[in-house]
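The feature N-myristoyl glycine is assigned by Swiss-Prot to Gly2. What Swiss-Prot records for 22-54, 144-221 is coiled coil. The region 'Disordered' annotation in Swiss-Prot covers 181-221. The compositional bias 'Acidic residues' annotation in Swiss-Prot covers 199-211. Sequence annotations record features per position, and here Swiss-Prot assigns motif 'MIT-interacting motif' to 200-210. What Swiss-Prot records for 202-206 is region 'Interaction with STAMBP', and it gives similarity to another entry as the kind of evidence. The site 'Interaction with STAMBP' annotation in Swiss-Prot covers Arg215 and rests on similarity to another entry.
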Amino acid sequence: MGLFGKTQEKPPKDLINEWSLKIRKEMRVIDRQIRDIQREEEKVKRSIKDAAKKGQKDVCIILAKEMIQSKRAINKLYASKAQMNSVLLSMKNQLSVLRVAGALQKSTEVMKAMQSLVKIPEIQATMRDLSKEMMKAGIIEEMLEDTLEGMDDEEEMEEAAEAEVDKILFEITAGALGKAPSKVTDLPDPVAIGATAAPEEESEEEEEIEEMQSRLAALRS
């Protein structure tokens, strides 16, 4: 505390170092999230192979769609890491500017990156706090909430889903299910692939699928 109870402003260099540390910490959070989703993906792949052997094409399609959503979530997380690296690089540049000009400068690059990063649920709270600190320091301007973000995700998912489902099933089952140009409606007869599951087994499998879907949804949210 300074005189009359006022908090003294931190030197710009200290602010930049603090921001860089926080960003690196959040990058590790993103890395863990990616690894967790990838581990669940491996379980889904095994479940698809098992379901394919039993001729359960509906189960395979459901799980393949989960794989698609997970891959998209991972791609978004990797994109976030790239943006965070961009901010870190800009912070280094700010230190160079500070040494020459004695003050921090506005950065449109940091502004754009932070606008995207505040929308990532895993790191949202930290990125919002950092944005406020950067606005106060004069590096970025006040950001407006983008309420339109993500509105087209479901439509895009539906348009691309069928082709992607075929591709994933073809790859995971080594060609037993799914075909590059055609849809998964021409799957082999279940009897030809494997024995039909008993009602008890089907109930257990449904529970396992629901649990798997819940875990993946939790990791992606």
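The chain as shown is numbered from 1 upward.
Quick reminder: no glycine exception, Cβ is built from N, Cα and C everywhere.
Within its own chain, Arg215 (site 'Interaction with STAMBP') has Glu40 as residues 6 or more apart in sequence whose C-beta sits under 8 angstroms from its own.
Reduced to three states, the DSSP call for Arg215 (site 'Interaction with STAMBP') is helix.
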